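According to TrEMBL, the protein has these features:
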type: REGION; residues: 137-193; note: region 'Disordered'
type: COMPBIAS; residues: 165-183; note: compositional bias 'Basic and acidic residues'
type: DOMAIN; residues: 271-515; note: domain 'GOST seven transmembrane'
type: TRANSMEM; residues: 275-294; note: transmembrane segment
type: TRANSMEM; residues: 306-329; note: transmembrane segment
type: TRANSMEM; residues: 341-367; note: transmembrane segment
type: TRANSMEM; residues: 379-397; note: transmembrane segment
type: TRANSMEM; residues: 409-431; note: transmembrane segment
type: TRANSMEM; residues: 459-479; note: transmembrane segment
type: TRANSMEM; residues: 491-508; note: transmembrane segment
Amino acid sequence: MAVALRGGVVAGFLFLLILTECKARIHKLTLKNETRVLVPLNSFGFYPNGTLDVNLLALRLFEQDSVNHSDFPVGFSLSRSRVSGVLSYTAEQPATCPLKSKTSPNNEPLIIFLIDVKRLQVNVTVVGEQDNILTAKRKDQRKRRDVPPEGGAPLQPVNNAEHASSQDKNEGDSGNQKKDSQTDQKAIPAEDETPFDLNKTKSFVLALNRMENSYNFSFHLKVGLVAQGLYNLNFHYCQNLATRNMLPYSFAVEVTEKNPGGCYLSAAEIPLSRLYIGMAGVFFTAALVWVYTLMKHRYSVFKIHWLMAALAFTKSTSLVFHSINYHFINTEGHPIEGWAVMYYITHLLKGALLFITLALIGTGWAFVKYILSDKEKKIFMIVIPLQVLANVAYIIIESTEEGSSEYSMWKQILFLVDLICCGAILFPVVWSIRHLQEASSTDGKAAMNLEKLKLFRHYYVMIVCYIYFTRIIAILLKITMPFQWQWCYEFLVEVSTLIFFVLTGYNFRPASNNPYLQLPQDEEDVEMDEVVTESGALEGISKVKKTSNGRDRQKESTL
């Protein structure tokens, strides 16, 4: 009861947390007094004609007079991961400043934005073959409209028309671009913005605006057919690589990413809404079949069978809300608070019910005994709060921007707690196996105990395989798939969960011929033997008798 009360308090806290902070694909991140060298802003899979809008609202660099930004630059990097999606360019050389690199592995697309606060400009360097189009405000564009960028080809707009010096010509070019791309309004350059073909222009200078003590600039990127893929946007402050005294900085940034058709989801996330609603239907059907089986064999049904039914229905409901949540993120760019709250609540209940059910089945509660031992009670006191904490960590990660300082901490907590829970859930099964091994060699019901022992061993293997596949194998498959197929990771996890549920229900189904549920009926057959090993070579065997209610026990010494 105490555990359930604490779970209710945590659920209420999460309800208030989610109402005030929900993760969106229109990212808004504000960092104050930050000292990290690398701030990962976001990862997103772009299809051709996908768009990226980055608006640096306010960048404050403290002690900038004592910092040589030529040797230790500050700025952004936009890099494409390899096809495998294992490592991005910025993760391969953590000891050096990526902003000073002039090459990229395997000729992958890379764009570097060096912020020069003294000259009030942003130096852009393009590395690798790419057909992206970047639109931004060029420095001194009105005064030097016909001057080519430093070290690059002359600037060309998207429609390859030359910029004219008159205002009428600019308006005509903008009108032609609007006809070519009516669905993407932000692809139309403003009056003071210039489109850069990154296949021809490898370096150019953008304008950096200053307002009091902060700096700001923005750019719009349209992804081409050749350069589609999984991109990582990062902020770098390389000065803190070479000094022990970390210099603080602050900035606020808005990032909006879209795929063709107005989709705010990454390429790997677009199919998830349909996947979750489809799997919800499958789990709901499996739950109905399970309830039908319970009603058909009602005289062999135990309380834990209904708990398994509740788990299946909760899993189905959680997937429904998960699908709705992704649908609104895809269409609106942010979740609807009410649907997000319902998803997080059902996800929390599903996680708690799953580990409670696994632990109860593993201890043999309600099947072969009616009370839990002290060791088994301790497992529940440890696993259930840890599982609630793991779900809290998951929800906080979902509602936190990737670039925030807390994101990495809660991600590590989630991984660690999840592994502890998965390991702890195996102990009740191991104890039951040891008990059946000892009982099969000491009492007169060896054949029945051996059957139960085989079933427990199969159940142990099932749990190990399920944990190993969903925590290790599926993740390895995810990082080796192309970016647009990484949704298969979620598909594999859901299918493996369904198979695990079905096999568990089949093995422990309420049926008269199930060896696990064949409880003795006679008063004398209710006796169960327990082996108690003492120190030295002596062994004591005590015979246990159950009373009519099956809960009070009386021991007789058999020595």
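Cβ atoms are placed via backbone N, Cα and C, with glycine included.
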Distant-in-sequence neighbours of the transmembrane segment (341-367), which means Cβ under 8 A and at least six residues beyond its ends: 7, 10-11, 14-15, 18-19, 302-304, 307-308, 310-311, 314-315, 317-318, 321-322, 324-325, 373, 376, 379-380, 383-384, 387-388, 390-392, 394-395, 398, 421, 425-426, 428-429, 431-432, 459, 463, 504, 508, 516-517, 519
Criterion met for the transmembrane segment (379-397) and the transmembrane segment (409-431) (at least three Cβ pairs under 8 Å): yes
Long-range environment of the transmembrane segment (409-431) - Cβ separation under 8 angstroms, sequence gap at least 6: 355, 358-359, 362-363, 373, 375-376, 379, 382-383, 386-387, 389-390, 393-394, 396-397, 400, 456, 459-460, 463-464, 467, 471
